[in-house]
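Straight from Swiss-Prot, the features:
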CARBOHYD  38  N-linked glycosylation site
SIGNAL    1-22  signal peptide
TOPO_DOM  23-74  topological domain 'Extracellular'
TOPO_DOM  96-109  topological domain 'Cytoplasmic'
TOPO_DOM  131-156  topological domain 'Extracellular'
TOPO_DOM  178-194  topological domain 'Cytoplasmic'
TOPO_DOM  216-237  topological domain 'Extracellular'
TOPO_DOM  259-281  topological domain 'Cytoplasmic'
TOPO_DOM  303-343  topological domain 'Extracellular'
TOPO_DOM  365-436  topological domain 'Cytoplasmic'
TRANSMEM  75-95  transmembrane segment
TRANSMEM  110-130  transmembrane segment
TRANSMEM  157-177  transmembrane segment
TRANSMEM  195-215  transmembrane segment
TRANSMEM  238-258  transmembrane segment
TRANSMEM  282-302  transmembrane segment
TRANSMEM  344-364  transmembrane segment
């Protein structure tokens, strides 16, 4: 008897859904938060980003119902302020390790430069960092009321390209950095030509995987994001999540190998290895967990996508059935299977990478040396200024010495450090990375 009642209730529920989603509502009427859309070309409007509710002229609001309005604002603020700080941090590192400042390149500095160039481009996808700040919270992803931005919207396309290319570049060069640290410890060297070919291949892959979705018209704003990215599930898997999974696997292997090399070293060698590599190693591990969290979170969303759709459908059925009740907004409450805190961490982690980079690569002796030996500190104007400063703060004799010979602090410290050998004729070379 109980089973029969349960079956009857289920049948009645699905009959309600079928009735609600096939009925025609009065023109111009849609219960809040649904939005009325007078559509003359339904297919075209769907392609433009409107999400119609069944056969009605009601569309889902933008941003979507998956989170409350206050949750969406919190996500946006975290992205805006965290991204604004991080983008300037990554820009500083990009300039520092670029040919504009750094005139001595090796495998390691090239990896750092491309890594933070990718992070900078990814963060630049947050249009409100560069574009009009006077617009509303979500005007870039919701260009019209109830419409999710699509590739045909120029800002949406720009956001999608920047985010996709930046993420791909960042994660592939993060993997390269983990391999490079291990190769440095093992004294494995490769030629400049090999480095050049590798950089071309990696950047070509990033460009290829970025522009394939454009040909398939796949960039747009989704129910889960605060920007534009790839919409189709299989396009996401092929264009991003599969490459990320490969990068995470390679990165995990080489993190383990690095830790093993440090573990098996003894005495002074272990101390020197720890002192030399703890900063890049900690950064690599932090970014591994951040990329890994992004991977796990999106897997969770994909796994719960149908459940989310059912929750939204149930909520919409409720408000349509109870729209005649003035208290329907209190009767109908949407269930949210995706915790807002988990989504918040997803946005936060992707916008902390530039800040972390400055901590582990910006506040180092290597960064100081790069700037001190750069053109910007060794041109006629800067040398004249520094000479004047020394005159005002030194004795006449020290001033004459400064004018007659190159100051000791302008001698390339990296060259000096590269000549230092580890005592006891040990065979571990520590000269390529300096992060004291």
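Cβ coordinates come from backbone N, Cα and C, glycine included.
Keep in mind that this is a model prediction, so the values were computed, not measured.
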Hey, would you say the transmembrane segment (238-258) packs against the transmembrane segment (157-177), going by three or more CB pairs under 8 A that are 6+ residues apart?
yes
To what whole number does the mean pLDDT across the topological domain 'Extracellular' (131-156) round?
77
Test of understanding: give the count of other CB atoms lying within 10 angstroms of the CB of residue 38 (N-linked glycosylation site).
8
When you look at the transmembrane segment (157-177) alongside the transmembrane segment (282-302), do they share 3+ Cβ pairs under 8 Å, ignoring any pair fewer than 6 residues apart in sequence?
yes
Count the CB pairs under 8 A between the transmembrane segment (75-95) and each of 110-130, 157-177, 195-215, 344-364, then give me the winner.
344-364
